[in-house]
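One structure below.
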Amino acid sequence: MALIMEPVSKWSPSQVVDWMKGLDDCLQQYIKNFEREKISGDQLLRITHQELEDLGVSRIGHQELILEAVDLLCALNYGLETENLKTLSHKLNASAKNLQNFITGRRRSGHYDGRTSRKLPNDFLTSVVDLIGAAKSLLAWLDRSPFAAVTDYSVTRNNVIQLCLELTTIVQQDCTVYETENKILHVCKTLSGVCDHIISLSSDPLVSQSAHLEVIQLANIKPSEGLGMYIKSTYDGLHVITGTTENSPADRCKKIHAGDEVIQVNHQTVVGWQLKNLVNALREDPSGVILTLKKRPQSMLTSAPALLKNMRWKPLALQPLIPRSPTSSVATPSSTISTPTKRDSSALQDLYIPPPPAEPYIPRDEKGNLPCEDLRGHMVGKPVHKGSESPNSFLDQEYRKRFNIVEEDTVLYCYEYEKGRSSSQGRRESTPTYGKLRPISMPVEYNWVGDYEDPNKMKRDSRRENSLLRYMSNEKIAQEEYMFQRNSKKDTGKKSKKKGDKSNSPAHYSLLPSLQMDALRQDIMGTPVPETTLYHTFQQSSLQHKSKKKNKGAISGKSKRRISCKDLGRGDCEGWLWKKKDAKSYFSQKWKKYWFVLKDASLYWYINEEDEKAEGFISLPEFKIDRASECRKKYAFKACHPKIKSFYFAAEHLDDMNRWLNRINMLTAGYAERERIKQEQDYWSESDKEEADTPSTPKQDSPPPPYDTYPRPPSMSCASPYVEAKHSRLSSTETSQSQSSHEEFRQEVTGSSAVSPIRKTASQRRSWQDLIETPLTSSGLHYLQTLPLEDSVFSDSAAISPEHRRQSTLPTQKCHLQDHYGPYPLAESERMQVLNGNGGKPRSFTLPRDSGFNHCCLNTPVSACDPQDDIQPPEVEEEEEEEEEEAAGENVGEKNENREEKLGDSLQDLYRALEEASLSPLGEHRISTKMEYKLSFIKRCNDPVMNEKLHRLRILKSTLKAREGEVAIIDKVLDNPDLTSKEFQQWKQMYLDLFLDICQSTTSNDPLSISSEVDVLTSSLTHTHSYIETHV
């Protein structure tokens, strides 16, 4: 501003006096006082009511007039470089919240009398005035171009005006202060919401651009011509240009546009002046005038003027002002605007906005004729103006010059004027295409920059109710139309050949949002387009994306999980995490360990690091990541989505959890808007095999998926190069014990506990169909091999019953025999892997190698198969699930570290099998490890009646155990011969619930003495210690 005009703070006393000469007539009497006191510009900006009174301005109204004009100077001096729509919205939002805080603070005070008083305090009214002042500053921007021409900003302006009027009405109502405050609180909250909406439009360049000053010189002014500007003055002294007369000096300079604010005339600041004084200053020098204009943001194009500029009338979003009778200071314009409206044309005054023409702007060629015959047919019956008669004829040459400035791929925003035209009329010929459409104001959320297309804007394009049209050449449209068709066929999985481009494209635009597809169909079918004005856009990238979205049904089956961990590559963060499964039943295992990989704001999890397909994935930008305090699992966090589902994860250590949370939040912050998924099925995907997680479901007899969960020889496992990097803990499949589900097989540990499971190759992995087709062995069992056929070991054993054959083939029934008797002996290379002493469920799909063992199993006493043997004994306390899993995992690792392979006879195998099955040589059930306790608790029978009885028995045993503990507590007191009153009082306070239960059970045995016993109990709790001793 220093290069254009001198700051107000550096004004001399003479400049202050010159400025005051243009103020209201009633203030001219005080100029001599200002001149006598030599008030400088800095003093003027800081002047107060008291100083004005010292200068002889005694009337409050005169003081307010001066202070309002000074406020305008302060805004010009201090806020020019920082003032924009966003900062003004912040100020209004702050004023509204300050008023809310003021009201809530008054109500918290002890001397609040708002329910009885009807007089608002002065400081309250001051806050209301400040709020309205902040709203006026915002409205000063919204009430003029370019914001007034945008529907969204126009609606916002009307809302702010309505709320301010409501606020002034509420203050003047006759009601209690409490009622007034409630109404004002509602208004303030609504205003805050409006401001937040404006602030949220940060992508709109009009919101964040500040105003700037520009000096314009108009010379060679003819006395009969005038300047040709239309100016509207606000009541507080702002002068806004609303339009120009065509072919006038203001029009020819091409620098004066609607919405510009006049700051200086011939280097004399006119802010706060009366309108007549401004007009006199403009006419002071007949040869020319130098104007300093404050120009608000118009567009992002700095290389050429914005297409919005040089509008001749008030925007359509605002109602035109009806000119009143001119005053003595109003001059008649030297040239009038011919407006082909239904009203009679009349000479409009310089200081008012002319009404808009009925027809939209139609560009013309050099001869002043319309360039297209279609437009002649369209405008039949209406007057057509040529040359300078057109209200915007200056745009004809300028628009032709400006058209080639923007590159071919630039998005141009145009105004579609053609109404009711058929598709044959709307198709483009080989004629020049520059004169079809007239660009007007940029809609909200869009900018004029063509080199860079923000992905956020591309995403919003598909959701806007009004789309935008890109105006392009014939060849470009044909090319993009072909790409649209090719991509549509590509997405449906069909091949298409390139078609030859035709000279006349069947359609010159395409509607992007689904809301506008009806209009497109009508254009293609040849039906007239509805008489509505639409904004359209044509973007090649968005068009292809739309095509993919429409045809997604054909490729939706292809999941993002079909990528191996190796092909996924190294992620931004990876490691072992626990994942909580959906609880299918009370007895199902809730947490399972997976290998997680964070890649490009997507989280994948695999069974191990060599898995060929992800077990699941989620798109993190769609989810909210936070700590999961509601989980009992330590170091748990969650990914929540209000409309889909929530996922729960847990880390081993606090540092791991913090590392994952930091990485996820850092990655999703950048992808939250750019990579948002369009379809809900892309938010997440998970393996379907977890659906059959409970034996009570109809899928309980279905075989598990052919994943690698079978044991393998030590030579193969120990040579595995895939070792978990950070923790020497069991891998996900090693620590995830098999529950009552059929698909969760336990990964057997063969070497060190740090060895990760190995993904089986296709030759080593066999499906259940292959197993069914496998020939039976001599024992009548399918041998479920985990190695190639030549490495498998078959044994000759006696045949068993079909029931036992089924139990050895399908894992769902394995709890009836092998959980009690132990696993069948395996081949020599595999035997020691299963017999690992971890208390987990033995494997049920291997072949018995000793017929004597079968005979023993078939002749075992019935008590060994009693389901009650599976019940958890009362002497072992129930612990949290996660603690048991960790303890069991450590126990498994310790027992497998020094495991040695030994060859033994059938008797040794039988003894070890009984030991692993937690059975004594006599067939009695014997508990060995903590995991065994847990497994025995979750074992279930297919008979629901038996399950209910077992559950009842567990309840009784748990109750008995609790009672035994209570009896032990009571015996401790009764067995103390030196018990004192103080000790008993302490004991009673510590076990008050137990004491009350004892008293209640005692009184229930004798109904006749209930009242007396209750009285004694009550008095025993309240009286002295001596009475308590007597009562005991």
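Any Cβ shown, glycine's included, is placed from N, Cα and C.
Just one residue in S58, S346, S687 has phosphoserine written against it in Swiss-Prot, and it is S687. For the annotation phosphotyrosine, the record in Swiss-Prot points to Y683 among the listed residues Y112, Y683.
When S328, S393, S685 are compared in Swiss-Prot, the phosphoserine annotation sits on S685. When you go through S338, S462, S547, S731 in Swiss-Prot, the residue listed as phosphoserine is S338. Swiss-Prot gives the label phosphoserine to one of S12, S325, S720, namely S12.
Per DSSP, the secondary structure of the domain 'CRIC' (84-178) breaks down as 71 helix, 1 strand, 23 coil.
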